[in-house]
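Colleague: The structure is given below, and queries will be raised subsequently.
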Amino acid sequence: MKSGDHAAIDVPESSAVAKGKAPLIATPREQKSGFKKGLGIFDFLLRLGAIIAALAAAATMGTSDETLPFFTQFFQFEASYDDLPTFMFFVIAMALIGGYLVLSLPFSIVTIVRPHAVAPRLLLFILDIVALTLTTAAGAAAAAIVYLAHNGNPNTNWLAICQQFGDFCQEVSGAVVASFVTVVVLMSLVLLSGVALKKH
């Protein structure tokens, strides 16, 4: 070797240096995990909103009661939710839905902590469909009675009572609106679970 020549020596990169390097671009799996975690957080927030709407509907209907300030010797004019089986069914159904949604919160948290877990999402998907069906049935049945209370039905001689029982009708109408808010949120939850399961 001549004195003017320089020898190049390749030094292998140490494992410590190699471990210190992090990829600048996230892998597809990491991106999918972040997307599913975002869906899980949105699912949890929607459930909180549905709980508020369902319990508000049950409480409003369950406390709806109005007594007119005048009465006769034999009659006292009163309107209450328990006078109608449809409204009683509504209160029971919405209370059950509210209870289910509260119990579903831990499973929703699992989907946030473990975004790739299929079993909790599938369970919530099935139970949300059942809850959606029950809520829709209760809300639709109560809405029919509220419509008759506001407008009556001349063909069957059913008289409108909301001119006399204004506060009662306002409360039951608000309860029905809250139930349909719950329906919309449950529909969103079902669609959300479907998207999350499709991404698997």
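One is the number of the first residue shown, and numbering goes on along the chain from there.
From the backbone N, Cα and C atoms, a Cβ is placed for every residue, glycine too.
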Colleague: Tyr147, Ala117 - same side of the membrane according to Swiss-Prot, yes or no?
Modeller: no
Colleague: Let me spell it out: take the transmembrane segment (39-59), skip the flanking residues so only those 6+ beyond its ends count, and list any with a Cβ under 8 Å from a Cβ in it.
Modeller: 90-91, 94-95, 97-98, 101-102, 104-105, 108-109, 111-112, 115, 124, 135, 175-176, 178-179, 181-182, 185-186, 188-189, 192-193, 195-196
Colleague: Counting only residues 6+ away from its ends, which parts of the chain sit with a Cβ under 8 Å from the topological domain 'Extracellular' (143-171)?
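Modeller: For the topological domain 'Extracellular' (143-171), the sequence-distant neighbours (Cβ-Cβ under 8 Å, at least 6 residues beyond its ends) are 60-61, 63-66, 68, 77, 79-80, 84, 86-87, 180.
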Colleague: Using a Cβ cut-off of under 8 Å, list the residues of the same chain at least 6 residues beyond the topological domain 'Cytoplasmic' (108-121) that approach it.
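Modeller: For the topological domain 'Cytoplasmic' (108-121), the far contacts come to 33, 36-37, 39-41, 43-44, 47, 193, 196-197, 200.
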Colleague: Find the average pLDDT over the topological domain 'Cytoplasmic' (1-38) in the predicted model and report it.
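Modeller: Across the residues of the topological domain 'Cytoplasmic' (1-38) the model's pLDDT averages 56 on the 0 to 100 scale.
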